[in-house]
Structures are given as structure tokens and as C-alpha cells.
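Per Swiss-Prot, the features are:
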ACT_SITE  Lys13  active site
BINDING   Pro101, Met102, Gly103, Gly104, Gly105, Leu106, Gly107, Gly108, Gly109, Ser110, Ser111  ATP binding site
ACT_SITE  Asp143  active site
Amino acid sequence: MTLTLNHCPAPAKLNLFLHVTGRRADGYHLLQSVFQLIDRGDVLHFATRDDNLIQRTTDLPGVPAESDLVVRAAKLLQTVATEKNPAKNFGADIAVEKKLPMGGGLGGGSSDAATTLLALNHLWQTGLSRAELMALGLQLGADVPFFIFGQNAFAEGIGEALVEVETPDRWFVVIEPGVSVPTPQIFSSTELTRDTKPVKISDFSGAQESFGKNDLQVVAEKLFPPIAEAIQWLGQYGDARMTGSGACVFCPFEQEQQADAVLTTVPPHWKAWKAKAIKHHPLAYLQQS
């Protein structure tokens, strides 16, 4: 029997700040950041299959199915499900509605993978806990556990050590500068600051507005001038900064009307949109404790 779960949100995130505090022996960078969920993202649709096949039914230019984090997440969970119940087949058709830009620093691919793990854990009745799903997610990428964690979080380590943090209700204007940033290019730069002094959660909670910076931003601005142009333009309205390794930039506003007013003035060569801060992942209800 085919079971379906349609219109599953895969929300984007913004890095309210992002500090690089060191580097591990294996080359991974040590980070501190606050991840903020927003109400804009991709949308996924799932239907179970009885033949053990995992199929992405959507054509995504430049993203082969076999390397797509969505397919990799499904196959990873399929392996665990099969080990738990060898007599049963675990297959799925997955459709992906991409609304977020690739290489934008919004966590789109990671969020898609997390939504896949949450949805198929439910449909396949795999019974994995949130912690177990987060551990699987870490095998796919450092940002995936956050989206399974499902709450705004202070992140450390390579981004996988998460503590829930309160953030204010507000709106964001986000600009897509029209470039796609390869994350490895930013982290491999000799100009990247890798020794920012670590901060505490209380430092962020006590300041919130305009706290910290994005250490990756200086490198990205030099490599991709449209990012610098977007930050300079948006900065006339508030504390504009880049999210993740770019390319998207954002600025917070207390009122929706303020965000709407700024949107009407964005130069036409940029794509821009508004988003609302949210406190929990929309699929949090699917999680096992």
C-alpha cells in the first residue's frame, strides 16, 4: 500500500552571526553561530514504494539524483530500516520543489535532507529518535543535524553541537545577489580569519541585535563583488550581513511593514524577498523524542 506525505516544508536558515574559532586536525573548521529558522524554504512530497527503489521524480538541473542529499538521505535511512526489518521493502518516490537558490548560504540542501529523514522515518515507521536521526544527518553534512534539531540554536564544533536559544520575533529582507558560492572555496582561502575569540551563549542573548559578525563575509565579498554590493546597498537600512558562506545577504526588521517598504526599493537586477523568523521546524510534530 502506498503511503504519502505531501507538502513537507524544508525551511531555510540564516546565520545571525558566524565565527570561525579554529581548525581541527582533519581540516574541518570549528565554528560558533546562531542558526535562525525562517518561514521560506523548499517543499518536498513523499510516496512510499513496495519495490525498495528510491527515486527522485523531479529533474533538478546541475544536481544528479545519485549525488542529491535528498536521495542520499533516503538511502541512508533505508539501510537502517532494512537492518531493523529485513523482511520489508523500503522505497520512496520523492518530488522536490526548489524555492531556495543553490550556493546561497540558506542551508537548502541540508534542510531538504533533514525533511527527507523526518518524513521517511514517519512513513516507513522506522522509529528512530531525534538524536538518532541527527547522527544520521551528520553523515550527510554538518548543517543537517540543526534542521532535525528543529529549534533556533547556538551551534559549536563543526556546527553539530546545538543548544536551543531564544531569538526575537522579526522579519528579514533577503537578497540573492545572483552568484552561487562554492563553500570549499571560502573555507580554503588564505585570507579567512580562523582565530576569532570564542563567545558564550549569554554574550549573544544579552546583545542579540548586531551581535558578532560573519567571518566568511570578507573573503566572499572579495571573490564575489555582487555580494559586497548587496551588503552595501541593504546596509543603508540596518545591520546587513551575509548568511553562511554566501551568497545571500539579509537585514532584520522589527515590523513587517518595514520589510515591505525596503522590498519596494530593491534594484531590479537582484531577486529579493521577505521572511519571518520561526521558532520551530514545521515538521517537529513528526519527531520521536
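Every residue, even glycine, has its Cβ placed from backbone N, Cα and C.
In sequence order, Ala12, Lys13, Phe35, Asp143, Phe146, Phe147, Gly244 are the residues near Gly107 (ATP binding site), counting only same-chain partners six or more apart with C-beta under 8 A.
Cβ neighbours of Gly105 (ATP binding site) (same chain, under 8 Å, six or more residues apart in sequence): Asn15, Val181, Met242, Thr243, Gly244, Ser245, Gly246, Ala247, Cys248. What surrounds the ATP site, by Cβ distance within 8 Å of the Cβ centroid and not counting Pro101, Met102, Gly103, Gly104, Gly105, Leu106, Gly107, Gly108, Gly109, Ser110, Ser111, is the set Ala12, Leu100, Gly244 from the same chain. Non-local contacts of Pro101 (ATP binding site) by the CB criterion (under 8 A, 6+ apart in sequence, same chain) comprise Gly108, Glu176, Ser180, Ala247, Cys248. Of all Cβ atoms in the shown protein chains, 26 besides its own fall within 10 Å of the Cβ of Asp143 (active site). The candidate set comprises the binding-site residues Gly103, Gly109. Of these, Gly109 has the most other Cβ atoms within 10 Å. Long-range neighbours of Ser111 (ATP binding site) (same chain, six or more residues apart, CB within less than 8 Å of its CB): Ala10, Pro11, Ala12, Lys13, Gly41, Asp42, Leu100, Asp143, Phe147.
Secondary structure at Asp143 (active site), as computed by DSSP, is coil.
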